[in-house]
Each structure stands twice: as C-alpha cells, then as structure tokens.
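Here the structure comes first, spelled out in structure tokens, and everything after it is commentary.
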Amino acid sequence: MEPGRNQLFVVILLTSACLVYCSQYVTVFYGIPAWKNASIPLFCATKNRDTWGTIQCLPDNDDYQEIILNVTEAFDAWNNTVTEQAVEDVWHLFETSIKPCVKLTPLCVAMNCSRVQGNTTTPNPRTSSSTTSRPPTSAASIINETSNCIENNTCAGLGYEEMMQCEFNMKGLEQDKKRRYKDTWYLEDVVCDNTTAGTCYMRHCNTSIIKESCDKHYWDAMRFRYCAPPGFALLRCNDTNYSGFEPKCTKVVAASCTRMMETQTSTWFGFNGTRAENRTYIYWHGRDNRTIISLNKYYNLTMRCKRPGNKTVLPITLMSGLVFHSQPINTRPRQAWCRFGGRWREAMQEVKQTLVQHPRYKGINDTGKINFTKPGAGSDPEVAFMWTNCRGEFLYCNMTWFLNWVEDKNQTRRNYCHIKQIINTWHKVGKNVYLPPREGELACESTVTSIIANIDIDKNRTHTNITFSAEVAELYRLELGDYKLIEITPIGFAPTDQRRYSSTPVRNKRGVFVLGFLGFLATAGSAMGARSLTLSAQSRTLLAGIVQQQQQLLDVVKRQQEMLRLTVWGTKNLQARVTAIEKYLKHQAQLNSWGCAFRQVCHTTVPWVNDSLSPDWKNMTWQEWEKQVRYLEANISQSLEEAQIQQEKNMYELQKLNSWDILGNWFDLTSWVKYIQYGVHIVVGIIALRIAIYVVQLLSRFRKGYRPVFSSPPGYLQQIHIHKDRGQPANEGTEEDVGGDSGYDLWPWPINYVQFLIHLLTRLLIGLYNICRDLLSKNSPTRRLISQSLTAIRDWLRLKAAQLQYGCEWIQEAFQAFARTTRETLAGAWGWLWEAARRIGRGILAVPRRIRQGAELALL
C-alpha cells in the first residue's frame, strides 16, 4: 500500500505544479505581419498631372518597391475590389470627359426630315452591291500608308455617311412663341415613318439623356496607377502561369501601388494596354467561359482610324440656359475607316495554340477547328460591331472582313465604320446622346494588346469558337486582375505562460534596419517566434509610413481643394485620408482599452480561452495563426476590456492607500478637515457610549430598589446637605451597599453626577487594562504552540520531500525497465519481420524458376 500512496502523491504534486506553472494567458502583440481582405477606396498617382482627369492624383516618382513574401494567397481577377474600382472610376472619367456639365431634356419632338443629297456620285454604301467587283485577294485588301487613296479619301469601301436634314418646332427664349429649328442627324440615329421623307424622331428619345460638353474635354489617353491608403497594401500574384483565378498562388509580392495603367473603352479589342509581353496568355473566369486574351507584342499589332472631311457645330438656343448643338453640313461627311497593321494571322494562330495548352480548356486540340466568330444576330450595336471612341466620335466598325481576313478566307468587300451619336452605355443600363463631336479631321492610332472573347466549346467537342465580346470591364481584369487589396491587421493575440507585463525599459540595439512602410510585411513568411523579437521596429516603421502618406495626401488636398468637384479623385483622396486616420485611432483605442497602449508585447491576466489551440512558434506564420483564431477575437477583446476595468479599480484603491505613505500628507489642510471629521465621530461615539452606560446603571439601581438621587429634574439644587458619619460601619446603614457610595453625598447632585461619570470611566479603563494584561499573559503558551506547529510542518515537509525523491527514483526505474522491454520486443519483432520478408522475397524470385520447371514437366 505504501508504494501506491507514494505514487498517487507524486501524481497529485505534478498535476498541481502543472496547473500553477503551465497556465496560458492572452498576450497582445502589436506590429505583426498579418492581413485580411479589404474593399476600401483607392487613390491615384500619375506622372502627368497637367491633364484635367489626373490633376487630383498624387505625384508619381516611381519609388514603389515590391517586397517578396513567402506566403500562399488566393487571387481572383473577377471577384476583386481593385478591378471593380477601376471599372467604376474609368466610367466616371469617361462620362466627365465626354459630357461633364449640363443635362438637357430629351429631344422627343416630331421632326420633318429628308435625306441629305450630296454633290458627288459616290454610291450609297447601304445599297452598294458586292457583285460589282470581283473578290480581291488578301494582299489587295491591305491599305498601305503610301496608298494614294488615303490622301484622297477614295479607298475601297470608304463612302459617305448618310445624313438626315430635319426641322422641328420648339419654344425658344420667347416662351409664348414657337420657333422652327433645323438640325442634321446621322441616319442611324433617327427613326422615320418613311426612309426618304416624313415624320422622324430621335432614336431612343424616351430613354436618352443629352449632356452638353462645357470645356472641350475629350477622351484622351490617361495613364495612372492605383495606390492603397495608409494601413492597407496591395498583394500581387507574380506567378507566370497565373490565369485570372488561382486559389493558391505561391509567388506573392507586396506593394503600395499598382503598375501604371491606361484608360481603355472599347469592345472586341483592348488598346494600349500595359500587360503585353513577348508571349500570349489568357485570363479565364473561374466559373464561366469569359476570357481576356493578352496578345504577343512581338507581332506589333496596330489599328489606325480616321474620320476625314470637315465638320462644324452650330449651337441652337432652345430656351434660357439650354443650348442644343446642331450640325450644319454643306457636304456629307465621309465615313470613318480603320486599318489594321501587323502580323495578325500569326498572332491569331498563336492565340489558338495558347488556348489549346490552357489547363481550363477541354475542347478539341486541332487549331484548324478553332475559329474566331462574331456575336450572334440581334445583339446591341456595341456587341455586333467593334465599338471604340476616337477623340469624341463613336465608331461602329463592321468586322466581317476582319474575321475572313485573319482566317485566310475569301472576302466580298471591306466594310466601313459608322459614326453614331446615340450609344448604349457600357457600364450601366441606358442610352446617352453625346454632343458635340470634335470638329475637323480626326485620326487615332493605337496598339492592339488584347482580345475580349468568350470560349464556346461544342457539346460534341468537334469545334471551338472564340467569340468576340463587348465586356469592356474585362480590359481591367487583365490590367489589375493579379492584384488584391488587403487591410493590415497589426494587432494579434497568442497564448504565453507570462501573466504580467514587465515595464523594465529595454535598450534597443544600434543599427536597426528600417524597411519602409511595407517593410514589416517582408517578415510575413517567417515564424512567429522569430518575428516577435522585432515587433518594436516593425510598429515604428508602420506608424512612420502612415504619417508620411497622410502628409502627402493632406498636401494634395490643400493644393487642389478648390477643384475637388471636377473628378472622382478628389473625393477618393479625402476618403483615403479619413480612412487611414480612423484606422490608426481605432487601433490605439483598442490597445488603450486593454491596457496595452504604445506597447509592442503586452502580457495580460486573462486566461487563454482554448487550451487545445496553441501556436507553433517555430514553424507557423502570423498569417496562418490569425486565420485560426480570428473567430475568437470578439471574446478575447471583451475579456481584455473587463480585465482592464478591474485593474483600474484595483489601482484606484491602491492609490488611496499610498497617500498615507508620505508624512507630509498627514498635515495637509485637506487632511485636517478629515481629522476634524474623525474627532466629531469620536465625540459622538463617546456620548452614545455614555448614554448606553447610564441606561445600564439606571436599570441596575432599579433592580436594587433605589431611586437615584440625581434623578431629580435639572436645575434642582439641594439646600439641605446630608452629612453622614464616615466612620460608621457599612452594616449600620439602613440599606445594603450604601456605605460604598457615602463619599458622593458630600456634594450637591450635579457635582456628584460628574464624580460618578469619572468613576465609571475609570472602571472601564481598568477593565480594558485587565483584559489586555490577561491576553499578554497568555501570549507565551501561544508562542510555544506556534513553534511546535512549525516544527511539525517542517518535519512533515522533510518526510514528503523524501517520499517525492523516492517516487521519482521509482518512476525513473520504471521508465528504464519499460524502455528495455520495448527495445527487446522491437528487436525480436524486427528479426521476425526480416525473416518473413526474406522468405517472401525468395518465393517471388523462385516464381520464374517454378514456372519453367512446370513447363518442362508439361512438355515431357
């Protein structure tokens, strides 16, 4: 029984020690390299801040370094706040540049229109027949820069744009009178009862909005980059095989700004993109057939569009403050045309080969059965035609000839590009009327860098169509789809065995390397334990970066505060500044509510909420740990706040006691007021005690049958003094115990009363003295008893220590015996396994020999 008791005692002792020393407490870390996805507004930076669209942007000095992170992150170009903001912002810039000012009432009036007849004999392109000429060869379909037809505007397929001359009645400045106005419309923009003459209306007049251009801003190219506000950052997937959707990208870099991008608004093709490389690659939607194909810049693909002829614009006043721009045209303006240059056939063949090699592609591998096709019939003009904008004019180009050309098929004619004023909005549902276009001759030359397309695979997988698309937003999936916006969360929780924070100042080592605003993110791929030692420098770097970016934003806002209404960037700059300040103040308020203000490592008294959840300080990163404990942050935060409130209460009570440590505080004026209060309380207590004693004495005398002499009413003075012989024995009195009080009869009753009070107080003090003396007399036995108890406890502890030592030796011997038995068992098992494996191997090696012997026996 004795060894069993010793073992049980050892187990209980070890368990108690583990409970005391192995408890885990919440520790707050500030400056950890962790983040979460965010969706806050970005702001822009550009080198050219002289244009109207980028005047609110920060100056771009190309000082945007990227830091490699040793982490794995998910990227999605279609579920991405960066690309969504780019689409929204470019749309607002587009709207502002083309029509930044006044909304006019839709021109839904009946117009008497007739077709404009030109002075030339050029056939109407709508009625021209393809049988008037033989199908040209592919070489003849290319217009060179030196062709005479370009200078003379007589190239094949280049005709006049059909116009309609219309008249309508409307009130002008004089509201009581109607005036008749004349206007010229493109034939495609009006709907008439009769194609030659009759009543016509502006197409989509009930769903269109006319917006006038104030300052002749046109949709010119603008280059800028997005930057994250302070406290946020941008991650980029640097994997070469990234195709728009990657749940586990291993090559991740951190940056404060994106690459430089250029505004694009077109269908079918993307122009002047910044992602073109010496290869063709495809961004493919994760759950759809939508793609954006980046073309190889080696083939030098270009498109040059031109609108020849003169064009003038004449304003017509409809009413006060409302002006409609008419187009008086002496001769019909010529249609626009576009010429494609470069090695297009080779580029399109490489697109097909890249599609076949794409991991998402499940169709036929024969590139000869992969064709480029146009969208189906019945689509909007922006879908059916290639739509682009050339300095104010909206061109709709029929690309049938282009598809035949790149597929090396015979073509019947080369089509032109229509010019329209009423177009469908590419970002929102609706139609807009854009007025006025730029006067004079227009020419645009762009580099074709991408194709917007849908991959349509036949059910039987016999052929595949690459269908051109009108999703303008896909252009920005390619430009910014490899970025994602994150919010840096520098506050983290982790369990440690330290319960209190040590306020001992620590001297920082010399030569701390400051990494910059994103420098601490470079440690995101390192272990938690290694990075906890550098949190001080990281938090200082984070704060310095926030302050620096705040100052830059504030300078821009101050310089351009009178022009914030012009573009979307002014509002974004203000919002980015406010967001950064709110984020920093929120973090400091949180740390302060937990009692951890301005501390990098703050130990608390709050126990860790989940003992089974513990970090691997040597192998786990802070980002991995934060993903595991993110659901516990609310409970931990609440517990820390409650602990801090209790700590403040304890500190308040402790400070009240500390005020008595200094002798000077005892003589403070405020202390004397307290002393007076204490004195009043003592006097009141004495009076109450005397009243109680008086009542007790009165009751005692009543029990003895006496009526006290001093019970007479106040103010009564005895005139007859009773002189009693002091020498008379006590037993001669008429009452018992009267002799003891004979001394009080010599005085009148008030003096007797005072003597009685003094006598009672003396007896009270003597009683207290006797009690204290008795207690002190009993102190010696108590001391002897305490000494004996301490001796017994010491002997008991020595006995238990000996038992603990014996138990430890017994456990050590048991472990040694267990290890010896295990080693012998494993050695025997290994020998048996080795013998069995050897026999099986010999049997397998003997199989061919047995087969040969069996065959020989069978042949015999």
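The backbone N, Cα and C atoms fix where each Cβ goes, and this holds for glycine too.
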Notebook entry, point to check: According to the record in Swiss-Prot, which candidate from Cys249, Cys257 pairs with Cys237 in a disulphide?
Noted result: Cys249
Next item on the list: Would you mind telling me which of 338-341, 598-601, 706-709 Swiss-Prot tags as motif 'YXXV motif'?
Entry: 706-709
Check: If you look at what Swiss-Prot says, which of Cys390, Cys397, Cys596 makes a disulfide link with Cys444?
Finding: Cys390
Checklist line | Range annotated as region 'Fusion peptide' in Swiss-Prot, from 7-27, 511-531, 679-699 | finding: 511-531
Checklist line | Count of other CB atoms lying within 10 Å of the CB belonging to Cys338 (disulfide bond) | finding: 19
Item checked: Around the Cβ of Asn610 (N-linked glycosylation site), the count of other Cβ atoms that are within 10 Å -> 13
Check: Between Cys397 (disulfide bond) and Asn37 (N-linked glycosylation site), how far is it from one CA atom to the other, in Å?
Finding: 41
Next item on the list: Rounded to the nearest Å, what's the C-alpha distance separating Cys444 (disulfide bond) and Cys417 (disulfide bond)? Just drop the number here, would you?
Entry: 13
Checklist line | Between Cys257 (disulfide bond) and Cys237 (disulfide bond): CA-CA distance (Å) | finding: 14
Checklist line | Candidates Cys57, Cys166, Cys257, Cys397: member of the disulfide-bonded residues with the richest Cβ shell (10 Å) | finding: Cys57
Next item on the list: Please report the number of other Cβ atoms within 10 Å of the Cβ of Asn238 (N-linked glycosylation site).
Entry: 15
Next item on the list: Please list, for the region 'V5' (460-468), how many residues fall into helix, strand and coil according to DSSP.
Entry: 0 helix, 5 strand, 4 coil
